[in-house]
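Written out below as structure tokens is the structure these notes cover.
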Amino acid sequence: MTQRTLVLLKPDAVRRGLIGEIVGRIERKADWRITALELRTLDHGTLEQHYGEHKGRPFYEPLMEFMQSGPVVALVAEGERVIEGVRTLAGPTDPIAAAPGSIRGDFGTITRENLIHASDSEESAERELKLFFPGLS
């Protein structure tokens with residue numbers, strides 16, 4: 001079944017020049033396609049909506065600060081099982097636990113600055129795509 005998912009390349013990925021490498025890995029995997037891509041600086045309101053479920057947790061404020069520290073790449077990936085697949089390609093949040101060959105395993109340095117966000121379910125993908133790409137049908 002063809003799916004769509006939101007992927008964010010976080011400020012550390014942009015700062016380190018990893019956009020092409022990460023986008024290439026997504027495109028090469030299982031014939032997935034990038035159907036929208038924007039470089040943007042996220043405002044506090046958008047981030048609050050996106051990460052609202054984490055408000056009050058110890059990592060929330062540092063995460064909000066980090067995500068506003070520079071531009072991000074927001075993109076839409078489409079393909080068979082792309083939601084599960086991009087998360088697997090990204091690897092676990094902790095780069096030490098991430099296997100070589102995964103994005104975080106190959107390029108990750110610390111848990112908080114972990115290069116990439118990918119929707120974790122069809123429901124999350126739908127909500128996140130509406131937030132980041134409201135004009136998408």
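Every residue gets a Cβ built from N, Cα and C, even glycine.
Cβ neighbours of R104 (ATP binding site) (same chain, under 8 Å, six or more residues apart in sequence): A90, G91, P92, T93, D94, P95, A98, N114, L115, I116. According to Swiss-Prot, the feature ATP binding site maps to K10, F59, R87, T93, R104, N114, an assignment based on sequence analysis.
Proximity of H117 (active site, pros-phosphohistidine intermediate) to non-local residues of its own chain (separation of 6 or more, Cβ distance below 8 Å) is seen for L6, V7, L8, K10, given in sequence order. What Swiss-Prot lists as active site, pros-phosphohistidine intermediate is H117.
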Under 8 Å by Cβ from R87 (ATP binding site), same chain, sequence gap 6 or more: A118, D120
